[in-house]
Structures are given as C-alpha cells and as structure tokens.
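Visitor: Take this structure first; my questions come after.
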C-alpha cells in the first residue's frame, strides 16, 4: 500500500501544473462569455462539467504511457501502479469538483450556466423552451450545493477511470489508431452539441423522480466497477509500443 500511495502522490504532483494551466485558460474563455452576457442573456449548459470531463479523460489517457514506463523502470509492479493511479483519481476529482462549483456559482451571477446536476435533479427540467430556461434561477439550498459537488465528483472520477482504460488500450495500439479514436471522440461531441433537440432526447430517457437518484448511483457503480476491473486485467498484459 505504501508504494501505491507513492504512485498516487506522483500522479497528483504531475497533475498540479496541468490543472493550473487548465483553469487559467478556462477563466479567460469564461470571462469572454460573461462580458458578452452584459448585452443579452446567454445560456451555457454544462460547460464546466463537459470541459473538466474532457480534460480529466485526456490527461488520464495521454499521460498513462509515460507513467507506465516510469513505473516499469523503477521496478514498480503493475498491480501497485494501477492501484496508485486509481487512488490518485479521488482527491483530484474532489478538488476539481469544488473548484468547478465555485466557478459555476460565480458564472451564474452573470449568465445562465446550469450543471449536469441542475439539468437532471432541479427545477431546470421543468422549462421546456429556451425562454423558460433563460429565466431559470439556480437553487442555492444546502442539498443542491452538496448534491452538485458530489455529482461532479462522480462524473470526474468516472472520466478519469474511462481515460485510464483508453490509456491502457493506447499502450497496445499504433499512433494511427489512437489518432482515429481521438478524431471520432471529438466528432461525437460536435455532433451532440449540434443536435437542436438534445434536451428533449434527455427528457425522454430521464427516469421518474422517485427512481432517479437510485438509478444514477447504480449506473455509476456498475460502470466505475467495470472500468476498474478492466484496467487491472488489461494492464497486466499491456506492452508499450
């Protein structure tokens, strides 16, 4: 366990500069939108959630190869390496969930920027048109605050684990295959955000209020568990190309 914690500490230290640069860039972009918001209402749903999700997924997948080589060179077992990597996911995700919450609440003083939690669990879902969503007010209650941070933490942890799986797959694939997967991933995001009725699609697949929390937790636990199990299995047979 001591070696796993050392690997986790190494990963956290490695992420510090990346996180700082990420928020510096994001702050500049968001200040631009806030400035535009002075001249009219702007709706930016899940912008921080999506950007942080992509950032964590990319970091986990892109840096795994170098970290894996470092671990092998220092006689760190594959099991210890993957345990330490997974341990590091939780403090990083928790920190970014808190930072994103603070940024999002500040943004909502100037523009409408609902999070995934707002879309899925609050009164935002009752507004079915753009005009209604423009007048939506973010819930400032304690339950909403705790729920928003926890939900973001879950999403970000999942992003890192999925990125870990992608990183392990990349250990076995050529650069051309990695490029194809990257282009496809970006393409899917572009297609999704260009679907005018994407909120209506989410409304149709959204379960009833009574079962919603249970269903989200169940799906999260299943996907998270499968990804961790898969990463352990795959890293044992991984060979660096």
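Using N, Cα and C of the backbone, Cβ positions are placed for all residues, glycine too.
Straight out of TrEMBL:
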type	residues	note
TRANSMEM	20-36	transmembrane segment
TRANSMEM	42-60	transmembrane segment
TRANSMEM	81-103	transmembrane segment
TRANSMEM	145-171	transmembrane segment
TRANSMEM	178-195	transmembrane segment
TRANSMEM	215-235	transmembrane segment
Visitor: Find the member of 20-36, 42-60, 215-235 that has more C-beta pairs under 8 Å to the transmembrane segment (81-103) than any other listed stretch.
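Guide: Comparing 20-36, 42-60, 215-235 against the transmembrane segment (81-103), the winner is 42-60.
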Visitor: For the transmembrane segment (215-235), what are the same-chain contacts with Cβ under 8 Å, counting residues 6+ beyond its ends?
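Guide: Non-local partners: 68, 78-79, 81-82, 86, 120, 151, 154, 157-158, 161-162, 164-165, 168-169, 207.
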